[in-house]
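Student: Just passing along the structure, written as structure tokens.
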Amino acid sequence: MASESHTTFTPTPFSFIEILKMIHTLFLFALLSSTSHAFVNDFCVANLKGPDGPSGYECKPPNTVTVDDFVFSGLVAGNTSGIFNAAVTPAFVTELPGVNGLGLSAARLDLAKGGLVPAHSHTASSEILIMVKGEITAGFITPGAVYQKTLKPGDVMVFPQGLLHFQVNSGKGKATAFLAFSNPSPGAQLLDLLLFGNNLPSEFISQITLLDYAQVKKLKPRFGGRG
């Protein structure tokens, strides 16, 4: 009686190239899975009466969409009499519902003489600044370097997502620029507001920032903070 033969299966290890191909395939699948409504349909005009979720607003019914959903006429000079002598006039999804799901938005920046936008970041968006009038010294900060440039009309500067950046009017008059963002709702986190617009004790903020206690105490009321 012939004995049965058994074949042992030894799995063949994947090559480095094959692993890269699998990672690439998984990445594309994840990207397509997270695609917004705007890529499934021609557009997805925001229904501003509903909630704003991680993927944006829900779409308005197509029969309620008008051309005005794709037009914003308010990108005009703003009031620069505030604490920073600056005005940012947004054309985000709340002003321009047609950008919902498209991954972009815009704004106008006006700086009075000596005005500035202090160090801030956009955790969900990169930013492009297009100089129109005057002179602005702008830059962004990384753990190892500061990238700073004095910009004049015709200059364009990009600020990578999540990095602290700033804009200061370094000219002799008013300055104007237009901004573009890679998110319909870019949001902003101002460092000064985070530090001084809270109810942490001034002594504690002085300790964790190495700032003078008297200066912290003075700045807190200016940003609506207490303590």
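Every residue gets a Cβ built from N, Cα and C, even glycine.
Remember, TrEMBL labels are computer predictions, not curated facts.
Not my notes, these are from TrEMBL:
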- H120, H122, E127, H165: Mn(2+) binding site (BINDING)
- H122, E127: oxalate binding site (BINDING)
- C44-C59: disulfide bond (DISULFID)
- 73-217: domain 'Cupin type-1' (DOMAIN)
- 1-38: signal peptide (SIGNAL)
Student: For the binding-site residues listed here (H120, H122), tell me which residue's CB has the most neighbouring CB atoms inside 10 Å.
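Tutor: Going through H120, H122 one by one, the largest Cβ count within 10 Å is at H122.
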Student: Is it possible to get the count of other C-beta atoms within 10 angstroms of the C-beta of E127 (Mn(2+) binding site)?
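Tutor: Summing over all protein chains shown, E127 (Mn(2+) binding site) has 23 other Cβ atoms within 10 Å.
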Student: With DSSP helix as H/G/I and strand as E/B, how many residues of the domain 'Cupin type-1' (73-217) fall in helix, strand and coil?
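Tutor: In the domain 'Cupin type-1' (73-217), the DSSP-based counts are 22 helix, 57 strand, 66 coil.
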Student: Around the Mn(2+) site (H120, H122, E127, H165), what further same-chain residues have their C-beta within 8 angstroms of the site's C-beta centre?
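Tutor: Same chain, not in H120, H122, E127, H165, Cβ within 8 Å: S121, S125, F140, F159, L163, L164, P186, A188.
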Student: Can you tell me how many other Cβ atoms are located within 10 Å of the Cβ belonging to C44 (disulfide bond)?
Tutor: 25
Student: By a simple count, how many Cβ atoms lie within 10 Å of the Cβ of C59 (disulfide bond), its own Cβ left out?
Tutor: 22
